Every structure is written in structure tokens, then in C-alpha cells.
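Quick look at what TrEMBL lists:
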DOMAIN    28-302  domain 'Radical SAM core'
BINDING   CYS29, CYS39, CYS42  [4Fe-4S] cluster binding site
DOMAIN    326-482  domain 'N-acetyltransferase'
Amino acid sequence: AHVRTVGPCSDLFLWQIAVVAVMCKPHRCPHISFTGNICVYCPGGPDSDFEYSTQSYTGYEPTSMRAIRARYDPYLQTRHRVEQLKQLGHSVDKVEFIVMGGTFMALPEEYRDFFIRNLHDALSGHTSNNVAEAVRYSERSSTKCVGITIETRPDYCLKRHLSDMLNYGSTRLEIGVQSVYEDVARDTNRGHTVRAVCESFHLAKDAGFKVVAHMMPDLPNVGMERDVEQFIEFFENPAFRPDGLKLYPTLVIRGTGLYELWKTGRYKSYTPSALVDLVARILALVPPWTRVYRVQRDIPMPLVSSGVEHGNLRELALARMKDMGTECRDVRTREVGIQEIHHKVRPYQVELIRRDYVANGGWETFLSYEDPEQDILIGLLRLRRCSPQSFRPELKGSVSIVRELHVYGSVVPVSSRDPSKFQHQGFGMMLMEEAERISRDEHGSRRLAVISGVGTRNYYRKLGYELDGPYMVKDLYGPGMD
């Protein structure tokens, strides 16, 4: 690993990002027309017992209830939530949207444009006529949109969908995978193949997106050992290897096909203790470049007939890992804010750590500033040497792409000998410098692109990047540097 030491640290400032989850209007699942039905475990949707809810939600989740109160109006959902976060004492200078409510990309283009336009307008205060105009004004807004995450399925993550999402200002995708087994995908009526999952990961990463996978342990006809094996495959097979994971153990909910199987004794959930064991074993497998965003759904417990019985599953799994002598080294567990809150631990000796791996047809480099002694993560950068199959014109030829830059804390060194040492140089800038060096000297790239949230484009302009399509791009060989 390439290592650079920074020195003793104090005075920690966290990047405060307000996460605003919004929901699109209820609509039928797109694969009903192909398979004749929805997935066996899926609650919600316009035809379900939970009438006014979106597909795969019950209408009783906090985000669902806020959306229903706003009658699914994207502008009102955003304004209400931002105001609410402000009143709770959160900083709302930087906002990240999560677009929930089933497969957003299956909705008509006109509705999607209306929805995204209103998200940007709710932050900028401008009334736009189209998405491009909304994005332009959002760029200059005092409340910055630092990213948009969109939930989708592998069959709605094709080239045209990815290009649309880039134009929206989206930077991260949450793709419903659920299982890496073809027989399970077929038996649960997923409506797509596992091969489609691998292809969607490849296309998405080659377009610069961060990829978060939704996975469901405890599906019918799988069993404990096969569940563990699928996560080993998921993290070690280069055809998968996601950047993030949302772990959603299977829930039995009234009105689903799975409920009928459970009622007639043809499906049985793991016991609470076995489920904690399984989640503990899964978390021990997570590589240090993957972030586990969630460990269970936020569906209210009274609506769950069988499945997860505890609201603090992650906490129980981490406690079980201590007993087992294993540890979770995912991004979230190690990030500086979490470490300070839970363990009162602050970084002392910070180094630049580099991890390289192959994933989805490309060469990935995970750069991070860490305190290796205490295993604390301060900032990270995901760099990719795109595969030759990259479909975006801006990324063709010798181009590398930064898929994520995130600094969890800015650390200022205390050094009487050299007080100015780090005063004007942040970790983000140093990570970008190293990414430029690797792209030029090792990848042999002529240009470096960044998939940037609309509101963070000016940060990259200060580093010499210019807008090219939806990306911020810099020529690595200036005049006379060939």
C-alpha cells in the first residue's frame, strides 16, 4: 500500500449532509406485464392491502407517511423535510436526495422530469421549465444538492436509463439484487436474471455511479449455509463487488405470496438468534471498501407476521461478533464520526492507504486517509480505470473516473514546529492529487473525470476541472506536458 503520514490530529469537523428521502407516486411494478405477478415477498403497491402506498412499501414507514401527507408532491416533500431537519437542529447547507417508492425509472419520462425538476427547484427557489434549467439553478443554490440516489432494478438500469439519471444529477444507484442464485430469483418471481445484475453493475460503474445493492437473506429454499455462501460470492466475485450494501432480511407481510406460503407451513423464517448469527457472519465478510447502509427495513413491527423481531439488528449482530471474535470493517463502522460517537476515539496518526481490486470489468482503486492503528477512516476516494466497453462518449479512450470523494472529517494537526503544515490543504484535495497521479502514471489516462453532485461542481472547478456533459473533467497533460 502507498502510505503517506500526516501526523497527530485534533479538532474534528464533520461534513454535515442532510439526507432527504422522497417518494414518487404509487405505480404498478414494471415486471407484472412480463411475469404476471410481483415478487412473492413484496408488500404495497396500488393493488395491495396497503392501497395508498408505493410498490414494496406499506405506507407506514416514516418516509411513506411524509410522502402521503404531501400527496406525493416532490416539491412539498422536500420543503417539509428540509424545514423539519432545520427545526431539529441539523445543518441543511448540503442535501442528498434518495428517490424511493418502487422502480422510478419505469415511470413515464414526463413524470420523471417533473419529479426531478421539483427536487432541484425546492432547493434553489427557482421555477424551472425543464431538468437542464433546474440543474443550472441548483448548481448556484445556497442549499447544495450534493447527490441524488435512485432506487432501481437491473432491467431498468440500461444505457438509456443511466444517461437519464446522469442528466438528473444522480450519483448513486440502489439496485435490487436480493439473491445471487438463479433458482431463487426464478422462484421468488424477480423477473430478471442474475446475469442482468452483473451487466447492470458493469454499465453503472463504467458510467461512474456508486452501486449499492439490496440483498435479502432468509428467502425461501435457501438455508443458512447457502445464505453465507452467496455473500462470499457477492463480495469476492469481480462480477458483483458492490460499493455499498443494504441488508434486508426477509419479512412476512400480510397480502403477499410469501404470507400464504408461511401460513400454510411451506416457509419458515430463521429464529431471532439464528438471524443475528447470520447477520454477524455476513458483516464479518464485508471488505473495507464497502459501506453497509442498513441492516433491516423500517417497516413497523406490528405489520410483520414473521421475520425480524428486533429493531436493533445491527447492534445485536455487532455484539454477537464480539463474542465470535470477529469484527466488521465496513466503511460505516470505521468512519471517524461513528468512532467518536460510540467509542470516544479520535484519529492520531493519519496515513494514506491504497487498496486495489478488480470489479465489473474495470480496475478499482480505493484510496483513503486512515488511522491504521485505531482503524479509523477520515476520507475516501473511489477511482476506476473504465473498461473498453464504457458507453458514455465523455469516458471513451484513455479516461479514468472518480466515482466518489467523501471526507468524513477534516482534521487539523497540532504542531508547534510547523503550524501552517495543513492549514490550507484538505484531505479531499490530497486524495484528488493522488487520483490524478495514479490515472496519469499507472492507468496511462489522458483525462480524469468526476461524477459530481450538482452542488459540488464548483469545488472541482477550483481544482481545474470543467463540465463536460454530466461530468467534471480535467486534462492530465496540460500544454507542453506530453
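Cβ atoms are placed via backbone N, Cα and C, with glycine included.
The [4Fe-4S] cluster site is defined by CYS29, CYS39, CYS42, and by the 8 Å test on Cβ atoms against their centroid, the other residues of the chain that qualify are HIS31, ASN37, ILE38, VAL40, TYR41, GLY45, GLN55, SER56, ASN189. In this model, the domain 'N-acetyltransferase' (326-482) carries an average pLDDT of 85. Here the Cβ of CYS42 ([4Fe-4S] cluster binding site) has 23 other Cβ atoms within 10 Å, regardless of which shown protein chain they belong to. For CYS39 ([4Fe-4S] cluster binding site), the number of other Cβ atoms no farther than 10 Å from its own Cβ, over all displayed protein chains, is 23.
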